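Only one structure is covered here, and it is reproduced in the block below.
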Amino acid sequence: MSILALVEDRPTPKEVYNWKIYLLAAVASFTSCMIGYDSAFIGTTLALSSFREEFGFSTMSKTAVNLVSANIVSCYQAGAFFGAFFAYPIGHFWGRKWGLLFAGTIFTLGAGLMLGANGDRGLGLLYGGRVLAGLGVGAGSNITPIYISEMAPPSIRGRLVGVYELGWQIGGLVGFWINYGVSETLAPSHKQWIIPFAVQLIPSGLLLIGAVFLKESPRWLFSRGRREDAIKNLCWIRQLPADHIYMIEEIGAVDQALEEQRTTIGLGFWKPFKAAGTNKKVMYRLFLGSMLFFWQNGSGINAINYYSPTVFKSIGLHGANTSMFSTGIFGVVKTVVTFVWLLYLIDRVGRRLLLLIGAAGAAVCLLIVGAYIKIADPASNPTQEMTGGGIAAMFFFYLYTVFYTPSWNGTPWVMNSEMFEPNMRSLAQACAAASNWLWNFLISRFTPQMFAKMEYGVWFFFASLMLLSIVFVFFLVPETKGIPLESMDVLFESKPIWRAHATVLAKLREDEEQFRHDIEESGYSKTGEQQVEHVSEDLPKV
C-alpha cells in the first residue's frame with residue numbers, strides 16, 4: 001500500500017483530492033507559522049547577550065531575571081487565551097475568512113509595536129506588542145483548524161488539519177535557528193536581537209495577502225442560510241458539478257446535520273453557550289477537548305520551546321551558541337517527524353493509537369533523562385566536554401521529541417476541530433484553544449522557577465503526567481479518523497470507546513450502499529437535477 005493511501009468512508013472521486021484544497025489549507029496555516037515562530041524564537045532571543053545588556057539583565061539578580069523573562073514570554077500566552085474567545089463572535093457572524101484576516105491584522109500590529117522597544121524606552125512596548133501578538137495567534141488558533149476541517153473530505157481531514165501543525169513546525173524551525181544565525185554572523189548590538197523580532201512580520205504579511213483570496217467555508221455559509229454561495233464554493237473546492245452523486249451525498253449530510261441542530265442545540269449565537277452549560281454530551285466533549293491540551297502541555301514540550309537554553313543547561317550543555325545549536329537540531333527533528341505524521345500517520349494509524357504510543361514512549365525518555373540528571377548532577381559537576389552519560393541523555397531527549405511530535409503535538413488540534421456539531425464548532429474550538437493557551441501560560445510562566453527549585457524533578461513530573469494521559473485516552477477518547485463531521489454524535493455515543501470507530505464506520509458503509517442503491521433505483525440523473533435546480537445558473541464551470 002502506498003504511503004499516501006487513504007482510508008475512505010465512501011467511494012471518493014479523484015477530483016476531490018485536488019490542489020485547491022491543499023492551497024487553501026496552506027494559506028490558512030500561515031497563522032500557525034506565526035505561532036510556531038513566536039513560540040520558538042523568544043527563548044533564545046532572551047538569551048542573546050545583546051538583548052540582556054540593552055535591557056540591563058546583567059544588573060539584576062537571578063530571581064529578577066527569571067521573573068522578567070517569564071513575564072515577557074507568558075504575556076503572549078495571556079493574550080492568546082483571550083484572543084481565542086474574541087474570535088468566536090467574528091467567526092460566527094462574519095465567517096472564517098474574516099476571522100483569519102482579523103488574526104493576521106492584530107498580530108501584525110503587535111509585531112510592529114515590539115520593534116519600537118529599546119534600552120531607553122524599556123520593556124513596555126515589548127510587553128504590549130507580545131499581548132497584541134498573542135491576541136492574534138489566539139484568534140488564529142481558533143479559526144484555522146475549523147476552517148480547514150470544514151472544507152476537508154473525511155479521508156484526508158487529518159492530513160489537511162495537519163498542514164496547520166506543519167506550519168507551526170516550519171515557523172518553529174526558523175525561530176529555533178535564527179538566533180544561532182544572528183549570534184554567529186552579527187556582533188552584539190541592537191540589530192542582532194531586533195532582527196528575530198522583525199521576522200515575525202513575514203508570516204503575518206503572507207497571511208493577510210493570501211486570506212483575501214480564500215474561499216469562505218461552505219459549511220459556515222450553509223449555517224447562515226446562504227445556500228447558493230455554499231454550493232458554489234463547495235463545487236469549486238471539490239471540482240465536481242452539483243449533480244454529482246458525491247456532492248448530493250455531502251450536501252444532504254450537511255442539510256441533515258443542520259436540521260438536527262435546529263431541533264436540539266439551535267443555530268443562534270447564544271445557543272451554543274446554553275448547550276455548553278446544559279447539554280451533557282456537549283459538556284463531555286468540551287471536557288475531552290480541553291483535557292487533551294492539558295495532557296499536551298503536561299508533556300513538557302512548551303517548557304522546552306520557550307526555555308531551551310535552560311533545559312539544555314540542566315542536561316549539561318554549556319555555552320550560549322552550543323545551546324542554540326542544540327535547540328536548532330530539536331527544531332529539525334520536530335519538523336522532519338511532522339512530515340511523517342502528516343503524510344502517513346494521522347490518517348492511516350489514526351488519532352487514538354498515536355496518542356497512546358506517543359505518551360508511553362515520551363514518558364520513558366523523560367524518566368531516563370531525569371534519572372541521569374539525578375545521578376550525574378551536571379549543573380553541580382560541569383565538565384569541558386559532555387560525558388558518555390550526557391550524550392545518552394541527549395539521545396533520549398531527541399528520542400522523546402520523536403515520540404511526542406507525531407502524537408501529542410498536532411493530534412489534539414485535529415481532534416478538537418472535528419468532534420463538534422457545526423453550530424458548536426466555533427465556541428468549542430474557542431474553549432479548546434483557550435485551554436491550550438491557559439496551560440501554555442502556566443508552563444511558560446513558571447518553568448524558570450520549576451527548574452530552579454525542582455531540578456531533575458521537573459523531568460519526573462512531566463513523565464508522570466504522560467503516563468496518566470495513557471489511562472485518559474484509552475478509556476475516554478474514541479478514534480475519529482475517516483468519520484464525517486456529521487457523524488461525530490453517533491461516534492461519541494457508541495460504547496465501548498475502544499470499539500466505537502469500527503462500529504460507526506461499518507454502519508456508515510452500510511448506509512452508503514443503501515443510499516446509492518436507492519439513488520440508482522429512483523433515477524440518478526433526475527434526482528441530481530432536482531437537488532440543484534435552484535442554483536444551477538450560479539455554479540462555476542469546473
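Glycine residues also receive a Cβ, built from the backbone N, Cα and C atoms like all the rest.
Computed from a predicted structure; not experimentally measured.
Residues or ranges marked as compositional bias 'Basic and acidic residues' by Swiss-Prot: 531-542.
For 523-542, the entry in Swiss-Prot reads region 'Disordered'.
Here Swiss-Prot flags 1-22 (among others) as topological domain 'Cytoplasmic', drawing on sequence analysis.
If you look up Swiss-Prot, you'll see 44-74 (among others) marked as topological domain 'Extracellular', on the strength of sequence analysis. Sequence-distant contacts of the topological domain 'Extracellular' (44-74) (same chain, at least 6 residues past either end, Cβ-Cβ under 8 Å): 118-119, 122-123, 126-127, 130, 176, 179-180, 182-183, 188-190, 192-193, 196-197, 306-309, 320, 323-324, 327, 441, 444-449, 452.
Annotation comment: Swiss-Prot describes 119-130 (among others) as topological domain 'Extracellular', evidence class sequence analysis. With a cut-off of 8 Å between Cβ atoms, the residues of this chain six or more beyond the topological domain 'Extracellular' (119-130) that come close are 54-56, 68, 71-72, 75-76, 79, 110-113, 190.
For 152-159 (among others), the entry in Swiss-Prot reads topological domain 'Cytoplasmic'. Note on the topological domain 'Cytoplasmic' (152-159): DSSP counts are 6 helix, 0 strand, 2 coil.
Tertiary proximity for the topological domain 'Extracellular' (181-193) is limited to same-chain residues at least six positions away from its ends with a CB under 8 Å from its CB atoms, namely 45, 48-51, 53-54, 118-119, 320-321, 324. According to Swiss-Prot, the topological domain 'Extracellular' annotation covers 181-193 (among others), on the basis of sequence analysis.
Annotation comment: Swiss-Prot describes 215-285 (among others) as topological domain 'Cytoplasmic'. The residues of the topological domain 'Cytoplasmic' (215-285), classed with DSSP into helix (H, G, I), strand (E, B) and coil, number 51 helix, 0 strand, 20 coil.
Confidence for the topological domain 'Extracellular' (307-325), expressed as mean pLDDT, is 77. Residues annotated as topological domain 'Extracellular' in Swiss-Prot, with sequence analysis given as evidence: 307-325 (among others).
Note on the topological domain 'Cytoplasmic' (347-352): DSSP counts are 4 helix, 0 strand, 2 coil. Look at Swiss-Prot and you will find 347-352 (among others) tagged as topological domain 'Cytoplasmic', backed by sequence analysis.
Look at Swiss-Prot and you will find 374-387 (among others) tagged as topological domain 'Extracellular', backed by sequence analysis. Within the topological domain 'Extracellular' (374-387), the DSSP-based counts of helix, strand and coil residues read 3 helix, 0 strand, 11 coil.
Feature annotation from Swiss-Prot assigns topological domain 'Cytoplasmic' to 409-456 (among others).
Annotation comment: Swiss-Prot describes 478-542 (among others) as topological domain 'Extracellular', evidence class sequence analysis.
For 23-43 (among others), the entry in Swiss-Prot reads transmembrane segment.
Annotation source Swiss-Prot lists transmembrane segment at 75-95 (among others).
Taken from Swiss-Prot, the feature transmembrane segment applies to 98-118 (among others). Residues 28, 30-31, 34, 54, 79, 83, 87, 90-91, 124-126, 128-137, 139-140, 142-144, 147, 190, 194, 197-198, 200-201, 204-205, 207-208, 211-212, 214 of the same chain lie 6 or more positions beyond the ends of the transmembrane segment (98-118) yet place their CB under 8 Å from a CB of it.
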So, does the transmembrane segment (23-43) come close enough to the transmembrane segment (194-214) to give 3+ Cβ pairs below 8 Å, pairs being at least 6 apart in sequence?
-> yes
So which residues does the transmembrane segment (75-95) touch in its own chain, when a touch means Cβ under 8 Å and the partner is 6 or more beyond its ends?
-> 38, 42, 102-103, 106, 110, 127, 130-143, 146, 216-217, 220-221, 224, 269, 426-427, 429-431, 433-434, 436-438, 440-441, 444-445
Do you know the DSSP helix, strand and coil residue counts for the topological domain 'Cytoplasmic' (409-456)?
-> 42 helix, 0 strand, 6 coil
How about the transmembrane segment (326-346) and the transmembrane segment (457-477): at least 3 CB pairs under 8 Å, pairs 6 or more apart in sequence, or not?
-> no
